[in-house]
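One structure is given here, and the rest of the page talks about it.
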Amino acid sequence: MLLVSFIFLILLPHPSSSTDPDPLQDFCVADLNATVSVTGFPCKPISEVTVDDFFYDGLSKEGNTKNPFGFGLTPGNVHALPGLNTLGLSMNRIDLAPGGMNPPHLHPRASEIVIVLKGRVLVGFLTVDNVYYHKVLKVGELFIIPRALVHFQYNVGRKKAVVLAGFNSQLPGGVLVAGNLFASNPPIPNKILSKALQVNDDVVKTIKSDFIL
C-alpha cells in the first residue's frame, strides 16, 4: 500500500514543477536509436510502439552492493523505459548494504522524493548556504530533496535497506561530487584541488590514487 501511494504521488499532475517539456500528444515513446536528440528523444513511429515500451521490471530486482560504497543503483529512466519520454518523471531503486551509502551527489535536472521500503536510512542534503537538513527514515517515510542540491542516503541499520527515489524528470542526471573532483577526465590539476580544499598536494595525490568509481 505504501508503494502504491508513493507511485500515485509521483504521477500526480505537476505542470508548474516539471523540468521536462510537456507532451503534445498521448505519448511519445523514445526512439533511443535516433541520431539526433534535442532536450529529449524523438518519437518512435506509432506503428512500432509496443506494450513493452511502457513496462520495466528492473526495480523489482535487488541491486549489487559489492563495491566500496556498499550501494546498488537501478535506474528507471527513459533509457530503461522509453515510454517515459516527455512525461517528466522517472524512478530509481537504491539498495544499501549495512553501513552502505549512496555517496554525496546531485541531480541537475530534477527534484527528488524518496521513500524507504526496507531498513533505516539517514537522508540529508545541503543548501547553497551550507545548511545541512537530515533525517533518519523508517519504512514508509518520505523525504524531499530539492533540485540540484548535494545529498546522500546512508544505511544506519544492521540489515540491508531499500529506497525508492522518484524524480520530476525523465532523465534527472547524476553528478557524484567526489567523482567530479578526483576522477575527472582530463584530471583537475592537483594545485587547484589542494588550494580549494586547503590541503597539500600529497593529500590530493593519495585521494586520486585510491579513488574508485
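Yeah, the Cβs are placed from backbone N, Cα and C, and that goes for glycine too.
Automatic prediction, not curation, is the source of TrEMBL annotations.
Bear in mind that the values here come from a model prediction, so they are computed numbers and not experimental data.
According to TrEMBL, the protein carries these features:
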- 1-18: signal peptide (SIGNAL)
- Cys28-Cys43: disulfide bond (DISULFID)
- 57-205: domain 'Cupin type-1' (DOMAIN)
- Asn92, Asn102, His107, Glu112: oxalate binding site (BINDING)
- His105, His107, Glu112, His151: Mn(2+) binding site (BINDING)
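Residues near Asn92 (oxalate binding site) in space but far in sequence (CB under 8 A, at least 6 apart, same chain), listed by position: Leu59, Leu73, Thr74, Pro75, Gly76, Asn77, Leu164, Ala165, Phe167. His107 (oxalate binding site) has His151 nearby among the recorded positions Cys28, Cys43, His151, counting only those with a Cα within 10 angstroms of its own Cα. In sequence order, Ile144, Ile145, His151, Ala165, Gly166, Phe167, Pro172 are the residues near Glu112 (oxalate binding site), counting only same-chain partners six or more apart with C-beta under 8 A.
The average pLDDT the prediction assigns to the domain 'Cupin type-1' (57-205) is 97. Using the Cβ center of Asn92, Asn102, His107, Glu112 for oxalate, the list of other same-chain residues with Cβ within 8 Å runs, in sequence order, Ile94, His105, Val114, Ile145, His151, Ala165, Phe167, Pro172, Gly174. Compute the center of the Cβ atoms of His105, His107, Glu112, His151, which mark the site for Mn(2+); besides them, the chain residues with Cβ within 8 Å of that center are Leu106, Phe125, Ile145, Leu149, Val150, Ala165, Pro172, Gly174.
Cβ neighbour density within 10 Å is lowest for Cys43 among the disulfide-bonded residues Cys28, Cys43.
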